[in-house]
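Here is what TrEMBL records for this protein:
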{"type": "TRANSMEM", "residues": "55-80", "note": "transmembrane segment"}
{"type": "TRANSMEM", "residues": "100-119", "note": "transmembrane segment"}
{"type": "TRANSMEM", "residues": "150-168", "note": "transmembrane segment"}
{"type": "TRANSMEM", "residues": "174-198", "note": "transmembrane segment"}
{"type": "TRANSMEM", "residues": "227-250", "note": "transmembrane segment"}
{"type": "TRANSMEM", "residues": "262-283", "note": "transmembrane segment"}
{"type": "DOMAIN", "residues": "284-336", "note": "domain 'HAMP'"}
{"type": "DOMAIN", "residues": "368-491", "note": "domain 'Guanylate cyclase'"}
Amino acid sequence: MAGRNRAVAHRIADWIESRLGAAAVVGFKEGRLPLGDAEILDAPTRRGLARRGMFIGGVIVAGAKVLIGIETFVAVLLAFNGGQLNLHIDSEYPPLMGTVLIALLLGTLTSVAASFVFLTPQFRWFVKVGPAEPADERRRGDIRAIPRRLVFADLFGWVVALGVYALISDIRIVFLVSVAGAFGLAAVTSSCLTYLFAESAARPLAALALRGNFVDGVMHGVRERMVVVWIVSSAVPMVGLILMNVGRGLGWVPRVAGDIDWATILLAVIALTSGARVVGLVNRAIADPLNDMREVVEATRSGDLTRRVAAYDASELGVLQAGLNGMLDGLVERERMRDIFSRHVGDGVAQLALEQDGEFVGGNTEVAVIFVDITGSTTFAADRDPRETAVVLNAFFSIVVDVVDRHGGFINKFEGDAALIVFGAPAAVDDPAAAALAAARELGVELSEKLPLEWGMGVTYGSVFAGNIGARTRYEYTVIGDAVNESARLSDLAKIGYSPVYASRVAIDAAAEHEGERWKRVDRQVLRGRTNVTEIHAPIGLLTRPEPPSLGSVLADLVKFALPGEHPSKS
């Protein structure tokens, strides 16, 4: 019976939690804990859930009280008939059956009624306000106090039961004290079980009331739950045995009349069944929050930072639930800042900065460099609306970024209408020269086909300093060296040359043979600011400079390149 009652209680609590969606792990949005379908339930649905929850909860609580009442009645009966399995009571002792049953029945009804008085305001809040509006501080305190108040209601019911028994039974004070002792032990057991069940059943309301609020205090700790286990499974039965034997010694309770003391056996059975009930409830009260948090931690480990756990527990576990949510909020903020940082400086530099812990680092390395620059951008901007210019520039750089990312390059910086691209730093690249040349060829085709702009691109290879430049309090990652200057000079020359893409012989020689075969030497010059002759190569597929598309044919297709949240106006 005890196991079945506990299982039913668990199923009811599970049903309430699943219907309200409050104790489940849910997503996080806009700084608060959404509760899924519970936020959009209409008033009639919430009213139906509240009524059904109160009815089922009342049945379960009343059933538990009736069970404890029956145990108490049988224990008192056995104690006053000498521990024998019969309904005969020694004539020296008052008849107990009818009065005890009436007292227990009225006490149970009183306890259930008082529980409904305590719960009704909280269910009315749920029905009228619902999950859409956060609870105020007073409401949160009232809901967290539900288990304690239901314990008061339970104790009040047992006081009423004892009072009724004292009024309707004409017995001496000695016998009344004996019955009061039995009622008192039953009240302690009943209150402990009520406390644990109420704490579990009130989780949906607690999750609704506490959502978005940090649980900064412990109302019912784990230690108190362990004390409850000890009280129900050990203290109450042992105290009952002590009182019964003391009563027999004082003559308040009949001595054992047979070979077997069934009153003692009953107390042992009550200890076993009550202990099983309370251990099951405590196990549920502790394991459920831990399982919720474990699932969220596993989801976080797999990369899902949107999961949150509902903070409903009134013990240290509730503080841990809220703390876990706060920690995950911090991780989300950290990832957001890291994403913004990466967008500003590039993934490679961001990763390097994190690995080096912000140290002022750098060194010489062999890299391939691409410098791409728009021709006549000043004139282009002067003749058009600034918004239109921004859209076209963003389209230009979007193509550059997409192609460079595909080939493993790093956008070191955007300088007005130009971009400096590095292959081989800060992250190593297999054959950086070949990667840069392949990216330049692909970029030349895409820019020529998609944008109404004249531009030039230079590719070279050489030794540069790659690292942080600036002060210790403010610096940026960049590359410095002759290769950078040479790529810029090649870019200027390509604007008026045989092809919009030029590469130095050094880059061709450093690349794999299969990539070098795609380029052809087109010129030999001493570039501005240099003393040595540079052999210039161009992609075979881009030797004839293509005519760019007209501005009118392209602007209509630039919506996908528009700034976030912006769209070109209709003509």
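Cβ from N, Cα, C; glycine included.
Worth saying up front: this structure is predicted, and the values here are computed from it rather than measured.
Across the domain 'HAMP' (284-336), the DSSP tally of helix, strand and coil residues reads 39 helix, 2 strand, 12 coil. Among residues of the same chain six or more beyond the transmembrane segment (100-119), those with a C-beta under 8 A of the stretch's C-beta atoms are 54, 57-58, 61-62, 65-66, 69, 72-73, 76-77, 146, 149-150, 152-154, 156-162, 164-165, 168, 179. Same-chain residues lying 6 or more positions outside the transmembrane segment (174-198) and placing a CB less than 8 Å from one of its CB atoms are 9, 13, 60-61, 64-65, 68-69, 71-72, 75-76, 79-80, 93-94, 96, 100, 146-148, 150-151, 153-155, 158-159, 161-162, 165-166, 220, 225, 228, 231-232, 235-236, 239-240, 243, 247, 252-253, 270, 274, 277-278, 281-282, 285.
Under DSSP, residues within the domain 'Guanylate cyclase' (368-491) fall into helix, strand and coil as 56 helix, 43 strand, 25 coil.
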